[in-house]
Amino acid sequence: MVKICCIGAGYVGGPTMAVIAIKCPAIEVVVVDISKPRIDAWNSDTLPIYEPGLDEVVKACRGKNLFFSTDVEKHVAEADIIFVSVNTPTKTRGLGAGKAADLTYWESAARMIADVSKSDKIVVEKSTVPVKTAEAIEKILTHNSKGINYQILSNPEFLAEGTAIDDLFKPDRVLIGGRETPGGQKAIQALKAVYAHWVPEENIITTNLWSAELSKLAANAFLAQRISSVNAMSALCEATGADVSEVSYAIGKDSRIGPKFLNASVGFGGSCFQKDILNLVYICECNGLPEVANYWKQVIKINDYQKSRFVNRVVSSMFNTVSGKKVAVLGFAFKKDTGDTREAPAIDVCNGLLGDKAQVSIYDPQVTGEQIQRDLAMNKFDWDHPMHLQPTSPAALKQVSVVWDAYEATKDAHAVCILTEWEEFKKLDYQKIFDNMQKPAFVFDGRNVVDAAKLREIGFIVYSIGKPLDAWLKDMPAVA
Ligand code: NAD
Ligand code: UDX
């Protein structure tokens, strides 16, 4: 029986290994982590992450061929294939702080593999890492090898949160990079055989190591670039009377452009896009390519501009002050169908509103009050976060309340900001909400999910990203 061990039981390690286990009953899969609470949660009825379809998959194979354990060293020693799926956040200190990937967790995992291994291993980079990381990992492993043969593969993960299980069941492609040596090619075939249990062979792409590592960063940069491009257009739409949804539809019909990932929004969030583009920027700078670095940096700058533009729109529409006014925030997660708040645009928007002394009442179906308080107090890097979106001070956090109902959040509010596209926000009783709000009542739709015409009939003043502006909004001072 082939044994797989995955180091890191997070948003990637957990779902990917659960899907390998359910699709490959003859393979034993153990997911290990240094965090005991996380492993306990994976072994409980309440999994540590919310992901549609995940519960069913885990419950179908947990205890059969899928296990979660904190006994990292034992399972690493026993495995034939080791996936490393630890977090690779942006460095916060030292060389490259604010841009470079922090490979501390990766390096410590690699050193532990070298320490405990007694048989040959295939080590798979599942985490997103800078190009050439495999070379560094190879050095750590081979310098401590005790005669053991290690093959390093790059197998980046392309799942998106909220659709992880569907993405894993039917990936557009699986990418495997390896050394162009006989040993490297053999390792590629071994990993390919795992995915071949459910992924058609033509969708399994094999490349050299560096192409696989770079393709992951490139894919995220291209995806984020589409959003920043359409968000940049949304500002121009508001200035000219064009409608960004019509523009997106019209350009997306061009088969060379395609219709996906053209939804204008309050800005992209998530643990990957910003981190991976910053990482790409740093790699370009280190390779003497400042022009290329600046090109990609602009994708993040437009994203920051979009968030601060949204805050400015809210404040300027409400007579240039939100001080003491209750503002309801619907949605805090970075997208629907996840409880993940990493880099959520809601963090910056709430910080901006709190900076202007609003009373903010937040409702998200999947995010806890403690998480929201932590996020709002978290330090950010100055260079990529405009001053007025800076973290909230402990004193100002008293202006925040977190409630478990959209009607409670909006009661007596002056304005509603929709920051996550949860389906339930489309179906709210907006007449009831309007009746219980201060007047004039505003809706600022950061995800273009509500029917603005219907809300206007009720009496709301509505702002939708990139759409023709209500007369009220047009008359207010220009938003920069
Ligand atoms: P995560 O923070 O949810 O999980 C990482 C886990 O690794 C944590 O539970 C942590 O305790 C554990 N860990 C860290 N060091 C360890 C060690 N030495 N030994 C054992 N466990 C250790 O992170 P994630 O969102 O799953 O992301 C993991 C990687 O996958 C990152 O490189 C990320 O960029 C990449 N990725 C993420 C996504 C996504 O949607 N979240 C998608 C594709 C790729
Ligand atoms: C992303 C990549 O899509 C995935 O392939 C990679 O493996 C990890 O990073 P994720 O961050 O989970 O996945 O979600 P994604 O669906 O890409 O959305 C990222 C952000 O962009 C969200 O805040 C989302 O709301 C926003 N977005 C997405 C838009 O604003 N407009 C769009 O058209 C699409």
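Each residue, glycine too, has its Cβ placed from N, Cα and C.
Noted in TrEMBL for the protein shown:
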BINDING   8-13, D33, R38, 86-90, 127-128, E161, 272-275, R342  NAD(+) binding site
ACT_SITE  C272  active site, nucleophile
DOMAIN    328-452  domain 'UDP-glucose/GDP-mannose dehydrogenase C-terminal'
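Here the features listed in TrEMBL are placed on the structure.
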| residue | record | DSSP class |
| --- | --- | --- |
| G8 | NAD(+) binding site | coil |
| D33 | NAD(+) binding site | coil |
| N87 | NAD(+) binding site | coil |
| E161 | NAD(+) binding site | coil |
| C272 | active site, nucleophile | coil |
- Under a threshold of 6 Å between Cβ and any atom of ligand 2, which of the recorded positions G8, Y11, D33, N87, T90, C272 are retained? C272
- Task: Could you check which of the binding-site residues N87, T90, Q274 have their CB within less than 6 A of ligand 1?
- Result: N87
- Rounded Cα distance, in Å, between E161 (NAD(+) binding site) and C272 (active site, nucleophile) is 10
- Query: the residue listed as 'active site, nucleophile' to Y11 (NAD(+) binding site): how many Å between their Cα atoms?
  - Reply: 11
- Message: Are there any residues at least 6 positions away along the chain from D33 (NAD(+) binding site) with a Cβ closer than 8 Å to its Cβ? List them or say none.
- Response: I7, G8, A9, G10, G13, I39, F68, T70, V72
- Task: For the domain 'UDP-glucose/GDP-mannose dehydrogenase C-terminal' (328-452), provide the mean pLDDT of the predicted model.
- Result: 92
- Item | Residue counts (helix, strand, coil, in that order) that DSSP gives for the domain 'UDP-glucose/GDP-mannose dehydrogenase C-terminal' (328-452) | 45 helix, 19 strand, 61 coil
- Would you pick out, from the binding-site residues G8, Y11, N87, T90, E161, the residue whose Cβ has the largest number of other Cβ atoms within 10 Å? G8
